[in-house]
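Right, one structure below, let's go through it.
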Amino acid sequence: MKIAVIGGGSWGTTLADLAAKKGLDARLWVREQAVMNEIRSSRENSWYLPGRKLSDQLEVSTDPAAVAEGVSHFVFAVPCQFIRAAYQRFIKYLPKNAVVICASKGIELDTLMTMSQVCQDALASIKPRFAMLSGPSFAYEVIREMPTAVTLACKDKKAAKDVQEALSTPYFRIYTTTDVRGVELGGAIKNIVAIAAGVADGLGFGGDARAALITRGLHEMSRLGKAMGGDRQTFMGLSGMGDLVLTCTGDLSRNRQVGLRLAKGQKLLDILADMKMVAEGVKTAEAVHALGQKLGVEMPITEQVYAILYKDKDPSKAVYELMTRDLKDE
């Protein structure tokens with residue numbers, strides 16, 4: 001299998017390195033000439049993965065045509081608000097019926113489209129076979145070959161099986177499903193809940209509060225997922241509960257770090273300016289808040305996170321309002 005990974009951040013570089021080490025013909029497209037030069041000369045992406053030697057077999061380029069030549073499988077690993085632009089950049093190099101694997105988690109803010117909807121819209125002329133790769137996975141751990149399990153969602157079962165077999169390793173295990181909508185929504189919404197969990201941790205609350213947020217966040221995820229055609233059972237799996245637990249508890253979680261710093265009184269713009277990588281939950285909170293209102297789905301955690309991020313709401317007041325909502329059955 002020839003595979004091209006689009007995006008030279010930590011996750012894109014990690015997936016490309018994994019594919020190359022597995023023995024696949026793997027190419028990595030990066031935007032910056034300096035990143036390409038560094039990987040070619042020292043086999044390192046020091047900005048995102050300092051100290052990690054990349055496979056000597058991994059090809060890297062800033063030229064879309066060179067990266068895409070002869071390739072049938074494309075992994076897009078760029079921040080979700082830029083995924084449409086990445087599709088548009090590569091559309092003339094993608095073959096008809098190409099397998100397009102999205103490794104970005106979120107909702108497009110301008111359109112409120114999920115990642116699969118953006119793909120089908122932007123790449124309609126080539127009729128891609130879309131797959132969503134999601135689940136509890138920090139690039140920091142995968143690049144170090146620590147055991148990780150993820151989910152690949154694709155309507156085309158053969159395409160899913162091919163990718164599963166091609167990319168699974170003794171340390172990176174891929175499960176498959178046909179529930180694309182459920183998997184992509186789980187990966188998006190968990191980042192919002194992680195911001196809330198970070199806020200709770202930053203305010204000095206304990207494990208009780210974190211457990212409540214994770215559990216009620218899962219309910220929130222399932223409600224919106226069902227309204228949008230996802231299978232509720234999917235949210236009990238790796239791309240739902242698994243990713244939710246990791247992102248709400250892991251010190252490597254960028255979204256949790258945003259919540260922690262907001263609770264300490266830091267301003268959102270200052271936090272984002274100080275981060276090397278994108279915290280997807282910030283824009284996703286705005287998009288999911290709008291989706292919940294549009295579909296009439298109750299999203300209390302999302303509403304409070306949105307208010308903290310965009311209405312300058314005091315985090316302590318947001319927690320108080322969550323805890324004093326009308327009492328109800330579980």
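Placed from the backbone N, Cα and C atoms, the Cβ positions cover glycine too.
These figures come from a predicted structure and were not determined experimentally.
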From ARG173, ARG181, ARG254, the one annotated by Swiss-Prot with SER10, TRP11, ARG31, LYS105, ALA139, VAL278, GLU280 for NADPH: ARG254
Least surrounded among the recorded positions, given as LYS105, LYS190, ARG254, when other CB atoms within 10 Å are counted: ARG254
Residue pair ALA139 (NADPH binding site), SER253 (sn-glycerol 3-phosphate binding site) - Cα distance, angstrom, rounded: 11
Close binding-site residues near SER137 (sn-glycerol 3-phosphate binding site), where close means Cα within 10 Å, chosen from TRP11, ARG31, LYS105, VAL278, GLU280: TRP11
Distance from LYS190 (active site, proton acceptor) back to LYS105 (NADPH binding site), taken between C-alpha atoms, in Å: 9
Nearest-integer angstrom distance between the alpha carbons (Cα) of LYS190 (active site, proton acceptor) and SER253 (sn-glycerol 3-phosphate binding site): 11
Candidate nearest GLU280 (NADPH binding site) in space, where candidates are the binding-site residues ASP243, SER253, ASN255 and distance is Cα-Cα: ASN255
Residues that sit under 8 angstroms from SER10 (NADPH binding site) by C-beta distance, when 6+ apart in the chain: ASN45, TYR48, LEU49, ALA139, TYR140, ILE143, MET277
